[in-house]
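Here the structure is laid out as structure tokens; the discussion comes afterwards.
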Amino acid sequence: MVLDLDLFRVDKGGDPALIRETQEKRFKDPGLVDQLVKADSEWRRCRFRADNLNKLKNLCSKTIGEKMKKKEPVGDDESVPENVLSFDDLTADALANLKVSQIKKVRLLIDEAILKCDAERIKLEAERFENLREIGNLLHPSVPISNDEDVDNKVERIWGDCTVRKKYSHVDLVVMVDGFEGEKGAVVAGSRGYFLKGVLVFLEQALIQYALRTLGSRGYIPIYTPFFMRKEVMQEVAQLSQFDEELYKVIGKGSEKSDDNSYDEKYLIATSEQPIAALHRDEWLRPEDLPIKYAGLSTCFRQEVGSHGRDTRGIFRVHQFEKIEQFVYSSPHDNKSWEMFEEMITTAEEFYQSLGIPYHIVNIVSGSLNHAASKKLDLEAWFPGSGAFRELVSCSNCTDYQARRLRIRYGQTKKMMDKVEFVHMLNATMCATTRTICAILENYQTEKGITVPEKLKEFMPPGLQELIPFVKPAPIEQEPSKKQKKQHEGSKKKAAARDVTLENRLQNMEVTDA
């Protein structure tokens, strides 16, 4: 995921100042641009010198051949005149005055200079890339410039009644319909582990079927993706911070052969966007085949580092969930990708409108965008039981930022193009099932249970097509369990012990002062 290097090169029509300004608007380090420009300039000088040295090496070989053809004496003198050693003034005439043995020595010295130059070039290339991959995509002009998404995300439009309040939050409702095992899930899988069961399994499957049918009717190709990716491929679709904060690493045998003890490093996907982005890696996509639209279905795995204490109960923010994703490869020409961007968010809006979920669309501030996104719109549903808007959909246009590193090119072949172009790539959530279930539970709650949304009825089993009944009391209204009481008593004892310790310390201080 990188920008075009020519954007940093003034002699190629680039504008480093524009990229520096973009970094500032993203509230990221603009100094990365200057470091990249410096490394790139040195890299280009190094490559130019290496090219010249190779030409001189070829000239030496040619001159040796001519001298051998003329049967000139080889000689045994390996001394090299001072004017030749600089290589900068080395010409065919200068070589013609040397013995074959001397020219061979010059050629060896040139080889050493080439190796040194190549080592420097590789070092500069790595330095340049380290800066390049941490510089974000160019921003769309409509992106709000701010580093505070809680205050400055721009509400673009609202659909439905986003003021109504209801009694229970999704945290209680998943228990009331007996569709969730949280404590046992945590014992088995750790923090945020859960079992989805009973009626909520049917509701989840209904959402998956309805979302896939909706996208299929709009020309999307359903695709079920791998759940893990090779490290070298994941590096091309994920930014560096995701490896620390989001992705799970999987270590396994590198071969199916029993005597092979090598190990392979892979990563669980955080979204089907990642494997679908790599689906056409190293390919040329023909203009007449675009857009290519995929409806990705996968389980997603996220560490949620940095989310400690947020949404710890229920199924809204979990480490594992199912998701249907819109993913599109688009032409880079004629504003086609931005037209597709609007089409994709509209598709998501119509899906949630059909489910009767109130929402607003927000334009995400520049400081909260990931490196790849040129612009991102979120659909945040109204949760009447929680009294808050919660994110259900993110829709991003990454332009050619992802495609460049994945080498997904636009057109036929390089021979038919004046300059290599890259396709534009877009992604948008259609339905993250656990979050959408939470939204349905809060919006469709009644005194007796959850009314099934009209569009999902045909996908639900007999007996559950109209109402999902409450079968358990709301946890918020229950007496504390024995375990909870024990934990509460333990907390009280610890607090009392701290108070006694503090009092003793104060008394000791008084004695000392006296």
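Even glycines carry a Cβ here, placed using N, Cα and C.
Record features (Swiss-Prot):
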{"type": "REGION", "residues": "9-61", "note": "region 'Interaction with tRNA'"}
{"type": "BINDING", "residues": "THR271, ARG302, GLU325, ASN427", "note": "L-serine binding site"}
{"type": "BINDING", "residues": "ARG302, GLN303, GLU304, VAL318, HIS319, GLN320, PHE321, GLU391, LEU392, VAL393, SER394", "note": "ATP binding site"}
{"type": "MOD_RES", "residues": "LYS323", "note": "N6-acetyllysine"}
{"type": "MOTIF", "residues": "482-494", "note": "motif 'Nuclear localization signal'"}
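Swiss-Prot feature annotations superimposed on the structure.
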residue : record                : Cβ within 10 Å
THR271  : L-serine binding site : 24
ARG302  : L-serine binding site : 21
GLU304  : ATP binding site      : 16
HIS319  : ATP binding site      : 18
PHE321  : ATP binding site      : 21
LYS323  : N6-acetyllysine       : 24
GLU325  : L-serine binding site : 26
LEU392  : ATP binding site      : 23
SER394  : ATP binding site      : 20
ASN427  : L-serine binding site : 26
THR271, ARG302, LYS323, ASN427 screened against SER394 (ATP binding site), Cα within 10 Å - retained recorded positions: ASN427
I'd like to know which of the recorded positions HIS319, LYS323, LEU392 sit within 10 A of THR271 (L-serine binding site) at the Cα level. LYS323
Looking only at the motif 'Nuclear localization signal' (482-494), what is the model's average confidence as pLDDT? 63
Checking your reading of the structure: which of the recorded positions PHE321, LYS323, LEU392 lie inside a 10 Å Cα sphere centred on ARG302 (L-serine binding site)? PHE321
Quick one: which residues besides THR271, ARG302, GLU325, ASN427 have a Cβ within 8 Å of the L-serine site's Cβ centroid, in sequence order? ILE269, ALA270, SER272, GLU273, GLN274, GLY296, CYS300, LYS323, THR429
Longest inter-residue Cα distance for the ATP binders ARG302, GLN303, GLU304, VAL318, HIS319, GLN320, PHE321, GLU391, LEU392, VAL393, SER394, rounded to the nearest angstrom, is 19
Quick note, GLU304 (ATP binding site) and GLU325 (L-serine binding site): C-alpha atoms separated, nearest Å, by 19
Binding residues THR271, ARG302, GLU325, ASN427 (L-serine) - maximum C-alpha distance in whole Å: 18
Secondary structure content, the region 'Interaction with tRNA' (9-61) (per DSSP, counts of residues): 44 helix, 0 strand, 9 coil
Reported as an integer number of Å, what is the Cα distance between GLU325 (L-serine binding site) and LEU392 (ATP binding site)? 12
